[in-house]
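Swiss-Prot has this to say about the protein:
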{"type": "COMPBIAS", "residues": "87-97", "note": "compositional bias 'Low complexity'"}
{"type": "COMPBIAS", "residues": "98-107", "note": "compositional bias 'Polar residues'"}
{"type": "COMPBIAS", "residues": "108-135", "note": "compositional bias 'Basic and acidic residues'"}
{"type": "COMPBIAS", "residues": "151-172", "note": "compositional bias 'Basic and acidic residues'"}
{"type": "COMPBIAS", "residues": "188-205", "note": "compositional bias 'Polar residues'"}
{"type": "COMPBIAS", "residues": "213-224", "note": "compositional bias 'Acidic residues'"}
{"type": "COMPBIAS", "residues": "225-254", "note": "compositional bias 'Basic and acidic residues'"}
{"type": "COMPBIAS", "residues": "255-264", "note": "compositional bias 'Acidic residues'"}
{"type": "COMPBIAS", "residues": "265-279", "note": "compositional bias 'Basic and acidic residues'"}
{"type": "COMPBIAS", "residues": "280-299", "note": "compositional bias 'Acidic residues'"}
{"type": "COMPBIAS", "residues": "300-309", "note": "compositional bias 'Basic and acidic residues'"}
{"type": "COMPBIAS", "residues": "393-408", "note": "compositional bias 'Acidic residues'"}
{"type": "REGION", "residues": "85-445", "note": "region 'Disordered'"}
Amino acid sequence: MATLDENNPSKQTHRHWSIENEIKLFSLLCDYKPAGKNKQHNIKIIINNINESLDSKEEPFSEYDVWNKLRSLYDLEKIDQIEELSTENTSTEETTNQVSSGSANITKDTKNAKTTLDAKEPIQDKKEMDKEKSESSSLSTPEPPQRRTRSARDTTKSKRNLRDTPKEKSQYNDEEITSGGAEKSKVEVSSTSDHTDDQSPTPGSTKKGLDEQTNDDMSDIEDVDKDKGDETIAKIKKENTSEQEEDKNKKQTEEEAEEEEEEGDHVSGDERESKNKDTSEDEDGEDNEDQDEDDVEVIEDSHTDKENESSSEESSPEPMTKRTRQRTRSTHEKTEHTSPNIKKRTRQSVKFDDKPAEPSDTGSRKRRAPPGSVSPPHPPKTRRRTRSVTHEIEEEDASTQSADDAEPEIIKVETRHTTRRSSRISMEPSSSTPNVRVRRSSRKR
């Protein structure tokens, strides 16, 4: 509240502002500026807002108090100048905006007019070109369009290159379309001429007719391009499928050839195994023959030794004939006549520990082929030695004579079963035969 000074009563003193009131003043200044044309109206609003927040005990603020406080803080004259300049600028901007909007409308109108003129010009140019082409085509015969032949390289293109084919074909398809377009233009020109004769030409009707013609031409061109593009794609697909089928057939033939080679290898391996088995069986048969021959030689050697001993006791010793591996029949007969009392021993006559002699089956020693072998078993190649009838008659006569003259000598000989490795027969001296010699065969294996 303003108070009068005692020394100078005409002057009013400044009112004291609290911090809360100053804060309210500053916040209101942000919304309502006390400058420019509306400064009085804004000051009233500020005063009313401040007085509403005061208590009933405090006096309300006057307009003078608010202006004094603002002058102490701000330079109000400069603020007024700035606000005036800003208002002038805003007014000029508004005027310029109005002018620019008017000019923009004018330019739009001019542009629209230009576009309409530009659209009319190409239509007229097209008309003239169509007329010239129709005249030239009527004078000269139309040449058939040359079709482009596809090379072998084009057929082997990948699927990625399929996108490029319609573009390439559209270039040389334009030539074909132009000839068709010329014929269409003839028909269109004739139809338009008929209409113009019947009806009076108007600018609106001419524009519509030209637009419809251009749209029809473009649609026809697009249809032709689509049809040809579909045909080319179908051809390329057929070629790709044929190539895939050829590749499959080649792979199948190669696989069949490989299978035949593998079967031939298996058959050759089986033949080799059968041959190896045959050779092993042949070797086993030869070994059995050798063993049989060795056994016979050992028995013959023992027989000749005993004959020599008996002959030395009865008569003077005779020179021994040199034994060879192959004995003739004459030597056997001589030995039999010189010693009639001694019983000739063979495989069947020799007694081993009072047991009947068991004939050795050479076929039992043969190796058995495995069950998986393919080749059939071969017959044994060993020769079985048979005794003639004359030898049996001579032995019976000798046995009857020896039974009358002297007691038969029974020699017990312990032998081992002949095996593949045994090349000798161990002979132990017994009481009945004190001097029994066993000689090793000189045959080399």
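Keep in mind that glycine also has a Cβ here, set from the backbone N, Cα and C atoms.
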Provide the three-state DSSP residue tally for the compositional bias 'Basic and acidic residues' (108-135): helix first, then strand, then coil. 28 helix, 0 strand, 0 coil
Using DSSP, tally how many residues of the compositional bias 'Acidic residues' (255-264) sit in helix, strand and coil. 10 helix, 0 strand, 0 coil
Per DSSP, what is the residue count of the compositional bias 'Acidic residues' (213-224) in each of helix, strand and coil? 12 helix, 0 strand, 0 coil
